[in-house]
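Some features that TrEMBL has for this protein:
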type	residues	note
REGION	1-68	region 'Disordered'
COMPBIAS	1-31	compositional bias 'Low complexity'
COMPBIAS	49-58	compositional bias 'Pro residues'
TRANSMEM	95-113	transmembrane segment
TRANSMEM	125-144	transmembrane segment
TRANSMEM	169-191	transmembrane segment
TRANSMEM	212-233	transmembrane segment
TRANSMEM	253-271	transmembrane segment
TRANSMEM	292-316	transmembrane segment
TRANSMEM	336-355	transmembrane segment
TRANSMEM	367-388	transmembrane segment
TRANSMEM	408-429	transmembrane segment
TRANSMEM	436-457	transmembrane segment
REGION	529-550	region 'Disordered'
Amino acid sequence: MSETPSAPAEPEPEGPASRARAASAEGRSAPTAPGSAGPQGSKGGPARIPIPGPPPETPKSIDLSPGEPAPIRTATLWAALATGVLSMLLLGEGLAVNILVVTVPATLAVYVAGRRAGRRPRPWALVWGVGGVALLAVPALRAAEWPSFLAVVTALAAGSLALHGGRTWPAVLLGPVGVFTSLVTGPAWAWQGLRERVGDDRGRVVPLFRAVVVAAVLLLVFGALFAGADAAFADLLGALVPDVSVSDGPWQFLLLALGLFGTLAAARTAAAPARFDRVQVPAGRERGRVEWALPLVGLVALFAVFNAVQLAVLFGGYDAVLAKTGQTYAEYARQGFWQLLMATLLTLLVIVIALRWAPRTRSSDRTLVRGVLGTLCALALVVVASAVRRMDMYMEAYGLTRLRISVLTMELWLGLVIVLIMAAGVWGARWLPRAVAVSVVAVVLAFGLASPDALIAERNVQRYEATGRFDLPYARGLSADAVPALDRLEEPLRSCALWDIKEELDERHHVPWYATSWGEAEARRVLAERPPVPGSSGPACGESGAEFYR
């Protein structure tokens with residue numbers, strides 16, 4: 001039986017399937033060992049070989065490194081050296097106008113380094129910079145050290161924010177401390193640039209160094225001779241040249257190192273700042289409406305009941321409440337303030353956590369979040385007002401102190417933050433991190449410029465004029481800022497309150513003008529016009545203290 005020849009089949013296109021079938025056909029034609037049959041499909045045919053896809057992409061790590069900065073310029077090196085020398089010469093006697101003088105070459109070093117790297121000052125960088133300089137004016141105006149310390153620390157944080165920039169929460173929170181990461185890389189960057197310059201210009205640097213040394217020796221020798229020959233010239237030289245003694249050597253060296261290395265770190269940051277804006281905070285897992293809203297609605301109801309009671313007390317009078325509770329006026333105020341302050345802090349924490357877990361899939365979810373949290377913020381403001389009122393009652397009973405004015409300022413700032421959160425719920429929250437940071441700078445600046453010690457003395461003097469009660473031991477511990485207010489007291493209480501301050505100022509009679517604040521200078525003027533009666537720290541003042549401190 002013969003077979004009819006068939007038409008030749010069209011060649012199959014080359015591909016993975018055709019190669020698999022060809023390999024399967026070769027496998028059927030070739031002898032196979034028992035148990036080594038090729039792969040079979042579900043119907044006994046050849047199985048398709050899967051083609052592997054591309055490997056999964058590994059998540060990219062966030063790169064916060066600033067990269068290599070531009071080479072340091074000679075002007076930056078000289079400005080950093082000038083900052084270190086001025087810090088050594090001017091800052092040893094305390095902070096006043098001298099810290100503003102030291103800031104000038106440091107700012108110049110930062111500006112030159114930033115321009116060398118191609119960076120230009122942005123509007124927000126100018127805001128932080130101006131705020132930092134304004135904060136540094138507090139030590140120049142006020143004699144009290146504790147608000148000046150707070151102002152200087154906040155100024156350093158504002159300066160670091162000016163160098164790093166950023167608008168997100170990670171950038172605002174990490175930016176104030178970001179410059180400290182350059183305390184090691186900054187000097188290394190400067191050393192590398194210095195080595196390059198010395199290697200290229202060794203023939204010019206060495207003669208210049210010798211000339212500077214010879215000039216310093218000549219000025220030192222002839223200046224000492226002229227000072228010994230003429231008393232007027234010695235006084236002039238003593239006023240112009242800071243006093244640097246051998247015993248203060250370690251302290252002077254520390255100030256030199258802080259000024260030099262701090263400026264180099266700031267310049268290094270300006271040339272290549274860390275990118276804190278790249279820090280990604282993962283969003284929290286959304287919760288269901290009931291799971292999210294039920295605890296908050298219960299908290300809102302509790303706030304509403306408490307605020308209703310506060311309004312009833314306000315309009316019903318405190319006498320009925322005090323008679324019912326058996327507490328005194330001051331005890332009622334003192335008992336409530338600290339709890340209300342803690343309630344305000346916890347409210348902010350609850351808002352942060354609630355926003356992280358809030359439902360946000362639909363527009364109705366966002367409306368629910370705004371409504372619940374907006375109501376909670378509004379009720380929290382009433383709690384803030386109640387806390388402020390209680391502190392005012394407490395100050396009426398016992399006077400004003402540094403702790404009381406500090407926590408009162410903090411409570412007012414927390415109320416401002418709550419207002420900003422409410423505004424962010426209406427207009428969006430992109431601006432909120434910067435706004436909170438600006439509020440910190442503004443509150444610290446206002447706190448320092450208001451002169452807390454002067455406010456304490458003024459309030460306590462008014463309390464004495466109204467009630468005849470005065471906390472004399474506490475008034476003695478105030479700074480020179482309190483002198484104008486304490487000067488209004490009658491004798492012998494006035495001399496008793498001012499004597500310790502006068503003795504402290506007398507111990508600082510050698511302090512030069514650049515380390516003397518305006519508050520200290522004003523106190524010296526008042527005490528020079530009306531000096532306290534001698535012996536005002538003896539037993540008579542102790543008797544006065546027992547008489548007036550009630």
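Any Cβ shown, glycine's included, is placed from N, Cα and C.
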Quick check for me: are there 3+ Cβ pairs below 8 Å between the transmembrane segment (169-191) and the transmembrane segment (336-355), leaving out pairs under 6 residues apart?
no
If contact means at least 3 Cβ pairs within less than 8 Å, sequence distance 6 or more, would you call the transmembrane segment (253-271) and the transmembrane segment (95-113) in contact?
yes
For the transmembrane segment (95-113), sequence-distant contacts whose Cβ falls under 8 Å of one of its Cβ atoms, 6 or more beyond its ends:
69-70, 72-73, 75-76, 79-80, 82-83, 86-87, 121, 129, 133, 136-137, 139-140, 148, 152, 163, 259, 262-264, 266-268, 270-271, 513-517, 520
Cβ pairs under 8 Å with the transmembrane segment (292-316): which stretch of 125-144, 336-355, 367-388, 408-429, 436-457 has the most?
367-388
For the transmembrane segment (125-144), give me same-chain residues lying six or more residues beyond its boundaries with a C-beta closer than 8 angstroms to one of its C-beta atoms, as numbers and ranges.
95-97, 99-100, 103, 107, 151-152, 154-156, 158-159, 161-163, 165, 438, 441-442, 444-445, 448-449, 451-453, 478-481, 517-520, 523
